Every structure is written in structure tokens, then in C-alpha cells.
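Straight out of Swiss-Prot:
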BINDING   Gln95, His97, Glu114, His171  Zn(2+) binding site
ACT_SITE  Arg191  active site
Amino acid sequence: MAEPLFLQSQMHKKIWGGNRLRKEFGYDIPSETTGEYWAISAHPNGVSVVKNGVYKGVPLDELYAEHRELFGNSKSSVFPLLTKILDANDWLSVQVHPDNAYALEHEGELGKTECWYVISADEGAEIIYGHEAKSKEELRQMIAAGDWDHLLTKIPVKAGDFFYVPSGTMHAIGKGIMILETQQSSDTTYRVYDFDRKDDQGRKRALHIEQSIDVLTIGKPANATPAWLSLQGLETTVLVSSPFFTVYKWQISGSVKMQQTAPYLLVSVLAGQGRITVGLEQYALRKGDHLILPNTIKSWQFDGDLEIIASHSNEC
């Protein structure tokens, strides 16, 4: 059956979260400190569920395991990607993620390379993107001394910015920023620094200094260089094409016909409204929708005014 898979997904409370997932997208959030919406996920810590069509009610991990034909008969043992929206009402911890080899050996799951599309950012908002240490020994010394002002590289951000964050990159999302994150399907994070804050039980969150030093990369991160193409009714920006995923921004105005060029596509509507037509069937689209266009869909048409982030795995 050639139909898009619309998804219902899980919210995650975070010490740094807020309520902008409700304000911006109208989502039903569980608390005023909701930090993450795992919009397209088959990770066991937050599995999305199909909410329409033949597979209504089926969890995405189960669908991937039992109907691999929907995903181009992908050879990846697990659904390889995870799409999130993050609301940073405060700084996230300064952190780093391992690569596949380290994560599989030590954590039993994929590594975590990710990327961020900035949906909104307060005036003066910043991220941490890299560090100033010239060696692992200097890195260890600066962490031990708590010399964060000299170690951490801060840069200002605004809505529409994009950052590629390979495994091994020291990073943190700053206060007042909302992002859409495309990442490998992993929940492994090593915290380097958490601003000495305490949770609602008065406890500090665990740090992972030795693991962080093991996996951190020395040298400045190299951000992706987006490529832009305009056709009638469609502006396409290839935000990044990496060994793990390719991510696009589609700005749609009017009617646009498209072809499936990947085994399947992950689609997130960040703004606007419209519809997608597959064969003879039409499906409404609105801001905050997340869906998968499976391999059974070879072509479709978008109508309306829509801002979309789409992605596909490159590990199929």
C-alpha cells in the first residue's frame, strides 16, 4: 500500500526544557520542562507509532523489523536515524558523543553523529561548538581546572542556521534556542560539564570525563557547506550529505511534483500548511507533522506553502 506513514511520538522531560514545544507547534507536553520531542524514532527509549492507514498503531521499530520492504530492504539492523525537536530553555550540558566503534564496544548501540537546524533563537543566543585545547593532555588539564572560559568555543546563532556535529565534537545548545536535530539512532551522551546545577531532587547529574576524553576530537569542527537549488515552486537546500545521512530543507510554494530518489524519506513540517498527494489520495499537512515516505511511494505532489526538513540514511 503506497501511503505516507504519519507518526505519533514521545516527549521527554529535561532539566533544561521549557514549554515552547506547545507554544510553537501546539503539542500536548507533559510538563513545563519538556525538552525533547522524538518526532521520528525507533529507538527503544522513545518509539514512534504509526497513526494512519494499514499500519495504524504499529510501533516504528516493529514495522522496520517486520516490513523491511517499506524501507528499501535496508541492511541496517536497526532503524538508523532519529529526528528530534529540542527546546532549550536553559543550556544543555557540555557533551560529546562517541563514534560507531566506541559506542558499539562500550554502550552496545550506534554512535552519534548529528546535525542541527535552528528553528528559532532568542537575541544573543549562543551554542558551544568545539574547544580550544591543542592536545588530549591539555584538554584533560583544562577540564580538571574547570577552565571553561578558555576551553569552550562559543558562537552566536540565529533562526535558519545549520550545524553539522560529528561524533567527537564538544558541543552544547544554549538557552533560548529551538532546533530540529537529525541524528544517528543513539541515546549515548557523555557529559563533560553541567554548569554545577542540580535537578529537582537536589542532585547533580553524572559526568563522564574519562569517556569524554577518550572520544573527543582535537581540532576545530568543520561545518557543512549547504548547496542551494531553486526550481519553480521549490527551493531546495542540501544542508549536509555525510556518511550517515543527507538532510534537505524544502521551501514549497504552490504545487510541486517530486520523485523518490532514496530508499525512504523522513519528513518534518516546520512551518505552513498544505497537502501531499500520493496516487489518488490526499493527506493534509500542517506545521508540526512528522511522517515517513516509504519505498512503496515512488512519486508525490506537495501543494501549499510549506517549510520542510527531509532526510534519509546513507547507511542502507
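Note that Cβ sites are derived from N, Cα and C of the backbone, with glycine treated the same way.
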Taking only the Cα atoms, work out how far His97 (Zn(2+) binding site) lies from Arg191 (active site), in Å, as a whole number.
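The Cα atom of His97 (Zn(2+) binding site) is 9 Å away from the Cα atom of Arg191 (active site).
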Where does His97 (Zn(2+) binding site) sit in DSSP terms: helix, strand, or coil?
coil
Would you list the other residues of this chain near Zn(2+) - those whose C-beta lies within 8 angstroms of the C-beta centroid of Gln95, His97, Glu114, His171 - in sequence order?
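In sequence order, the nearby non-listed residues are Val96, Lys112, Val165, Ser167, Thr169, Thr189.
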Since the record lists His97, His171, Arg191 as recorded positions, which of them has the fewest other Cβ atoms within 10 Å of its Cβ?
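Taking His97, His171, Arg191 as the recorded positions, the minimal 10 Å Cβ count falls on Arg191.
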Determine, to the nearest whole angstrom, how far the Cα atom of His171 (Zn(2+) binding site) is from the Cα atom of Arg191 (active site).
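The Cα atom of His171 (Zn(2+) binding site) is 10 Å away from the Cα atom of Arg191 (active site).
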If you measure Arg191 (active site) to Gln95 (Zn(2+) binding site) at Cα, how many Å is it?
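Arg191 (active site) and Gln95 (Zn(2+) binding site) have their Cα atoms 4 Å apart.
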List every residue in the same chain as Glu114 (Zn(2+) binding site), at least 6 positions away in sequence, whose Cβ is under 8 Å from its Cβ.
His97, Val165, Glu181, Thr182, Gln183, Gln184
